[in-house]
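**Student:** According to TrEMBL, the record shows the following:
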ACT_SITE  Cys84  active site, glycyl thioester intermediate
COMPBIAS  167-181  compositional bias 'Basic and acidic residues'
COMPBIAS  188-224  compositional bias 'Acidic residues'
DOMAIN    1-159  domain 'UBC core'
REGION    153-224  region 'Disordered'
Amino acid sequence: MAEKILMNEYKALSKETWTNISLVNENIFEWNAALIVLNPDSAYYGGYFQAKLTFPRNYPFEPPDFRFTRPLWHPNVYPDGRLCISILHQPGEDMMSGELAGERWSPVQRVESVLISVLSLLDDAEVSSPANVDAGVMLRKDPEAYKEKVKLDREASKQDIPADFEMPTHESAFKKEEKVDTFSWSDSEAEDDFGGSDSDEDMFDNDNDENTDGEEGEAEEDED
């Protein structure tokens, strides 16, 4: 069952512009997934944040393992690239952390949920219980210095962009196709002089014939 679910999710996510996914050694239980921030107001905009997802054999009853493959300076990212995020924690309530079951992983969650949560976390860090204490302190006390660190990580992440991959932008991702009016008078039955069609002429001819016949009949009655 896990293989089928993951394959369906993989096909759906392959169509999204904000991520670029591929299988590791054709193994449906191991994915490479790059996160692409499309919000131009984000400090991470323009980056290509490569991560690896490893799925348990009983997915979706247990969460996948997610970790960035390149170091990322962030309060909720451990030095080895793992994340401290509720959605990746085992199902059920945790009395120690105070996390509710609805905040943690559940079988109704999907890979898309995880990736969107990580994207949201990038610009909305949780600093109350950071995985990287130094990053959390810097974000609180010196946000400008923190932004400079983020900029360095963002530029370094571009080294992982595949040569054949065209990075989407905010404009290209959300550009709407203009509706083109392909109507042509040549496709209609109208004549160049806006005259009626042959069928219309026939109809009027029939009406005239009927009227003529009627008039002739009335004339004959008058003669009688």
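Backbone N, Cα and C define each Cβ position, glycine as well.
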**Student:** Give the sequence-ordered list of residues that share a chain with Cys84 (active site, glycyl thioester intermediate), lie 6 or more positions from it, and have CB atoms under 8 Å from its CB.
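**Tutor:** Listed in sequence order, they are Asn76, Val77, Tyr78, Glu126, Ser129, Pro130, Ala131.
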**Student:** Quick one: average pLDDT across the domain 'UBC core' (1-159), no decimals.
**Tutor:** 93
